[in-house]
Amino acid sequence: MRRKQVDSDRVRAEGQPQLAKELNVPALVAIGVGSTVGAGVYVLVGTVAREHAGPALTISFLIAGIAAALSAFCYAELASRCPSAGSAYHYSYICVGEGVAWLIGWALVLEYTIGGSAVARGISPNLALFFGGPDSLPWILARHQLPWFDIIVDPCAAALVFVVTILLCVGIKESSFAQGVVTVLNACVMIFVIVAGSYIGFQIGWVGYKVSDGYFPYGVNGMLAGSATVFFAYIGFDTVASTAEEVKNPQRDLPLGIGVALAICCALYMAVSIVIVGLVPYFAMDPDTPISSAFAKHGMQWAMYIVTSGAVLALCSTLMGSLLPQPRILMAMARDGLLPSFFSDVNKQTQVPVKSTIVTGICAAALAFAMDVSQLAGMVSVGTLLAFTIVAVSILILRYVPPDEVPLPPSMRESFHLNQECDEEKDRDLLGDGNRNTSQTKDVIVVVESMKDPLIDKRQHKGKMDETKRRKIAAFSIGSVCVGVLILTSSASVTWLPFLPICIGCTIGVLLLLAGLGVLSWIDQDDGRHSFGHSGGFTCPFVPVLPVMCILINTYLLINLGGDTWMRVGIWLLMGVLVYIFYGRTHSSLTDVVYVPVAQADEIYRSSSEYVS
C-alpha cells in the first residue's frame with residue numbers, strides 16, 4: 001500500500017540524463033490518432049454491421065466514443081497533474097499503492113508487447129496484395145513453415161519491428177515526426193473513402209439505408225453489442241499519456257492532445273461507417289474487406305489498392321504506437337526500483353531510454369517472427385481496460401482522499417532531523433533558558449498559554465476529527481462503488497445461473513453502487529486536491545458520476561472478455577506477483593523512507609534547497 005510522491009522530479013537522482021522535452025500538441029495528436037486508428041476499422045465496419053448493428057453502426061461508434069471519452073477525461077487530469085513517464089502505472093503508484101501499480105505496469109508490458117507483435121503480423125498479408133496476391137511477397141519477406149515444426153515464421157513482421165525500434169532509438173522528435181507523416185497519409189485514405197463513397201452514395205440513392213429491416217434490424221441491444229465491440233477501436237489514446245515527461249507544456253498540451261486525438265478518431269470512424277453502410281446493405285457486406293468490396297461492387301476496383309495502402313499505413317502507425325510506451329513504462333518501474341536499473345538508463349545523445357527500447361524491440365520481433373499471436377489478441381484488451389479502470393479509481397481517490405503523507409527519501413532524512421531539532425530548540429528558546437529576566441519569561445509563558453486556549457484547542461481538534469471522519473466515509477464509499485460494480489457486472493454477465501440468483505446479485509450490486517455514489521455526491525471533496533501535483537491543468541468534470549460510469553463500463557467489458565483470455569492473463573499476472581515478491585518488494589525505492597505530512601515535506605524541501613543555495 002506504500003505510495004510514492006507526486007512530484008517525481010524531486011526524488012530523481014541529480015545528474016541523471018532526462019528525457020528530451022520535444023513534444024507539442026500536433027505531435028501528441030499524431031501519436032494519439034496514429035496509435036488509435038488501426039487497420040481494425042477497415043474490417044470492423046463489415047463485421048459489426050452484419051452481426052450486430054446494421055445501419056445503426058454509426059450510433060455504435062458514437063456510443064463507444066463517448067465511453068472512451070470518460071476514460072480520456074480521467075487520463076487528461078492525471079496526466080496534467082502528474083506529468084511523468086509511466087502513464088497508468090505512475091498514477092496508480094501515487095494514488096492507490098505499489099502492489100496495484102506493479103500489476104498495472106506488468107499488464108501493460110504484456111499488452112504493448114503482444115499488441116505490437118500482432119500488428120506486425122498483420123502487415124505482411126496486406127502488403128502482399130500489392131505484389132499480386134496473399135502469397136506474392138518476395139521470398140526473403142514471405143511467410144514460411146519451418147520443417148519438423150508447426151511454426152509459420154514471418155520475416156517481414158520481424159523486419160518492420162526492428163525498423164520501428166531503430167526509429168524510436170533515434171529520438172522522440174524524429175519518431176513522432178515519422179508517425180505524424182504516416183498518420184496524415186492514413187487520414188487522407190480515410191477522407192478519400194468518405195468523399196468518394198459519398199459521391200457514389202448520392203448517385204445510387206444510399207441503398208443501404210432503404211432495407212426493409214429498418215435502421216435497427218437487431219434492435220437497440222444489437223446496437224449496444226456493436227458499441228462494446230467497436231469500443232476497442234478507440235484503444236490507443238493512452239499512449240499520449242505515456243509521453244508526458246517529453247511534453248514541453250504538459251499542463252496545457254496533454255489534455256488537448258488526448259481530447260483532440262479522440263475527437264478526430266470518433267469523427268473519422270463515424271463518417272466512414274455512414275458512407276460504407278449506405279453503399280451496400282448490411283447483410284450483403286463482405287466481413288473481411290467491407291470497404292474495398294463496396295467500391296468494387298460499384299465499378300471502382302482500383303480503389304482496393306488505396307484502401308489496402310490505408311490499412312498498411314494504419315498498421316505501421318499502430319505498430320509505432322505500441323512500441324513507443326513500453327520502454328517508458330519499464331523506465332518508470334526501474335526508476336522506482338521495481339525492475340533492475342538497466343531499464344532506467346537514458347541515452348545522453350538521443351535522450352530516450354535506448355536500452356529499454358532495444359529490449360522491447362527484440363521481444364516483440366521474436367514474437368512477431370515465430371508466433372501467431374492473433375489468439376492472444378484478447379490479452380491486449382485486458383491491460384488497457386485494467387489501466388482505464390484504475391485511472392478512474394485514482395480520480396476518485398485524488399478528489400476525496402488524496403495522499404496526506406508523502407515519503408521522504410534517505411537524502412532528505414538529515415534535513416528532517418535538523419528540522420525537528422530546530423523546532424525543539426525554538427520551543428526551548430520561547431520558554432526561556434534561565435538567562436532572560438523573569439518578566440520576559442512570564443510574558444512568553446502567558447503568550448504560550450494563551451495560544452493553548454482550551455476553546456481554540458477544542459475547535460482545532462474538532463476540525464481535525466471531522467476531516468478524519470470525512471476521509472473514512474469517502475474511502476468506504478469508494479470501496480462500496482468498486483465492490484458494487486464488480487457484483488453487478490459479474491451477475492449481469494453470468495448467463496448459466498438461474499434467473500433468481502442473477503436478479504439478487506444485480507440488486508445487491510446496484511444498491512452498493514448507488515449507496516457509494518450517493519454518499520460521494522453528498523460529502524465535500526478534499527481541499528488537498530487543489531495542491532495535489534502540478535496545478536493549472538485540466539480538471540475532470542462531473543465527479544463522482546463520470547469516473548463511476550467509467551469504472552462500470554470498463555469492468556463490464558473486462559468480465560466479458562472470456563475465460564481463455566483471463567486464464568492466459570492470470571498466468572502472466574501470477575508471474576508478475578512472483579517477480580515482485582522476490583525482487584521488486586525488496587528493491588523498491590520506498591523500502592527505507594519516512595512518511596511525513598505534505599506540508600512538512602514541502603517545508604523540508606524548501607529549507608534544504610535554501611541551505612544548498
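Backbone N, Cα and C atoms are what each Cβ position is placed from, and that goes for glycine too.
TrEMBL does not curate its annotations; it predicts them automatically.
Features as listed in TrEMBL:
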DOMAIN    538-588  domain 'Cationic amino acid transporter C-terminal'
TRANSMEM  25-45  transmembrane segment
TRANSMEM  57-76  transmembrane segment
TRANSMEM  88-109  transmembrane segment
TRANSMEM  151-172  transmembrane segment
TRANSMEM  184-209  transmembrane segment
TRANSMEM  215-237  transmembrane segment
TRANSMEM  258-282  transmembrane segment
TRANSMEM  302-324  transmembrane segment
TRANSMEM  376-398  transmembrane segment
TRANSMEM  499-523  transmembrane segment
TRANSMEM  535-559  transmembrane segment
TRANSMEM  565-583  transmembrane segment
Annotated stretches the transmembrane segment (151-172) and the transmembrane segment (376-398) touching (3 or more Cβ pairs under 8 Å): no
Residue numbers, six or more beyond the limits of the transmembrane segment (25-45), whose CB comes under 8 Å of its CB atoms: 57, 119, 122, 126, 176-177, 179-180, 182-184, 186-187, 190, 229-230, 232-237, 239-240, 243, 247, 253-254, 256-258, 260-262, 264-265, 268-269, 272-273, 276-277, 285, 287-291, 307, 310-312, 314-315, 317-318, 320-322, 324
Local confidence of the prediction over the domain 'Cationic amino acid transporter C-terminal' (538-588), expressed as mean pLDDT: 92
Ranked first among 57-76, 215-237, 302-324, 535-559 for CB pairs under 8 angstroms with the transmembrane segment (184-209): 302-324
Same-chain residue ranges lying at least 6 outside the transmembrane segment (88-109) that approach it to Cβ under 8 Å: 1-6, 8, 78, 82, 238, 241, 325-326, 329-330, 332-333, 336, 338, 382-383, 386-388, 390-391, 393-394, 397-398, 402-403, 533, 569, 572-573, 576-577, 579-580, 584, 588, 590
Cβ-Cβ under 8 Å with the transmembrane segment (535-559): same-chain residues at least 6 beyond its ends: 67, 70-71, 73-74, 76-77, 79-81, 228, 231, 250-252, 254-255, 381-382, 385-386, 388-389, 392-393, 395-396, 399-400, 481-482, 485-486, 488-490, 492-493, 513, 516-517, 520-521, 525
Leading stretch by Cβ pairs under 8 Å, where the reference is the transmembrane segment (215-237) and the options are 258-282, 376-398, 565-583: 258-282
Cβ-based contact of the transmembrane segment (376-398) with the transmembrane segment (565-583), 3 or more pairs under 8 Å: yes
